[in-house]
């Protein structure tokens, strides 16, 4: 699909199709060491609640195989590893080596290693066999993917029949009056926090822009259904600032 499209967006900028992946990699290489601290500051810690809610609705059971895609620093992987137990397995996959190392080191420091594997891989061409996973989670990663349709197709391929996809991502506020306040915070406060804490204003400017450019709830629902997933629905969290999409492969 990529060779059919000449340009895409990197935040608000139009870039060559093959350039976006490189630019996103540079962003996450830059933010990796401060990723957890910045998440806590930017969301006032609420991102932990969003992630716990995702795990609660996953209904993952002992012995199952789970893919935590764009798993980054390992928040979802940690919780999932507790659910699947020693008889199951969680694969933390991320395209970015720096983020993967942060997640691996963090989880190893917490003594979590028996049921976790780490794989560097691209969501658009996942290096796993067909029908491999009972559940696939992707937390705050889809908006950074160059070809979202191709990535969703790849997720569908590796999901087991009867399995579940869960996409947790920034979305479009639905409460009246919330969107302008959220936009003001995103474009005026987030980059300044990035500059102060991580000395990296540009990466957090991209974060704000990438959120604005990401498909809204209904558009993403249609994209997920288009690749073959069924019974797709979503939960608006914090007034739609974040949405959790859940869908099934039958």
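Using N, Cα and C of the backbone, Cβ positions are placed for all residues, glycine too.
Going by what Swiss-Prot states, the S-adenosyl-L-methionine site holds 73, 122, 123, and the candidate of 16, 94 recorded there is 94. For residue 73 (S-adenosyl-L-methionine binding site), the count of additional Cβ atoms within 10 Å of its Cβ stands at 23 [all protein chains shown]. Counting other Cβ atoms within 10 Å of each Cβ, the lowest count among the binding-site residues 94, 122, 123 belongs to 122. Between the farthest pair of Cα atoms in the S-adenosyl-L-methionine binding residues (73, 94, 122, 123), the distance is 17 Å.
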